[in-house]
């Protein structure tokens, strides 16, 4: 039996068009119908602004809200929705020394840093590193949502740094440099051949799940999670039931309770149906 379902957004709940598709809506509706008390928690690397939009859309699908908690920035912030407004429950900002060291390394290797500021208003992103890539990112993508880094941004606090490289070979090299530089002091995750993400040591989805469970007096044995990438590993280790999407890293699949075998628009709904048919009302140990 489960009381909570933790969901990643990109590559999991959201389709390739960044929406909740009809098969997923139907499967989720059937799951909630089978257990009306079931709650959903969203856990994502996105910003609070982007995450909240999807939380609101998800809640609007049902007669009563199903999402009370969500974490964003890869677990650096946790929110609880009260009176239809998100209330911050914790946050982890990177130490200034970590930020400055990261920016220095990335600039040397001609990569681009996209740092997420602890801010509720735009601009909430700052750019550092390769100036040409930064210019294209600002003027063709984020526009008013981002600015170029200055020392005052350290006072605001930085929740997460996304690092981009055009060269996969260089990205792999810098990933190893960052891992060796920081050791276990921060989370350094390789998301793709061109993307690295850096967060505070305690800023992960596993911590978010555990924190929420203690706050709501829920057992981790009654929680299931679904994800598809490295930043889902921590929550897979915490929850009793974990389900990996078909294109997940092999190490994530190894620790998963089950894995989707679909790569089409049914890849997420297949896992929801599996949960509905097996563990949704199964007796807890």
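These residue numbers are counts, starting from 1, taken along the chain as shown.
Even glycines carry a Cβ here, placed using N, Cα and C.
A 10 Å cutoff on Cβ-Cβ distances gives residue 8 (active site, nucleophile) a total of 24 other Cβ atoms nearby, all chains included. According to Swiss-Prot, the feature active site, nucleophile maps to 8, an assignment based on similarity to another entry.
Summarising the annotation, Swiss-Prot assigns Mg(2+) binding site to 8, 10, 228, 229. Classification of residue 228 (Mg(2+) binding site) by DSSP places it in coil, neither helical nor stranded. Take the CB of residue 228 (Mg(2+) binding site) and look out to 10 A: across all protein chains shown you find 24 other CB atoms.
Feature annotation from Swiss-Prot assigns phosphate binding site to 9, 44, 45, 205, 231. For residue 231 (phosphate binding site), other Cβ atoms within 10 Å of its Cβ number 24.
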If I take the alpha carbons of residue 10 (Mg(2+) binding site) and residue 231 (phosphate binding site), what is the distance between them in whole Å? 12
Enumerate the residues of the same chain, 8, 10, 228, 229 excluded, that satisfy the criterion Cβ within 8 A of the mean position of the Cβ atoms of the recorded Mg(2+) site; list them in sequence order. 9, 11, 12, 44, 227, 231, 232, 245, 248
In angstrom units, rounded to an integer, how far apart are the Cα atoms of residue 45 (phosphate binding site) and residue 8 (active site, nucleophile)? 9
Could you tell me the C-alpha distance between residue 205 (phosphate binding site) and residue 8 (active site, nucleophile) in angstrom, no decimals? 9
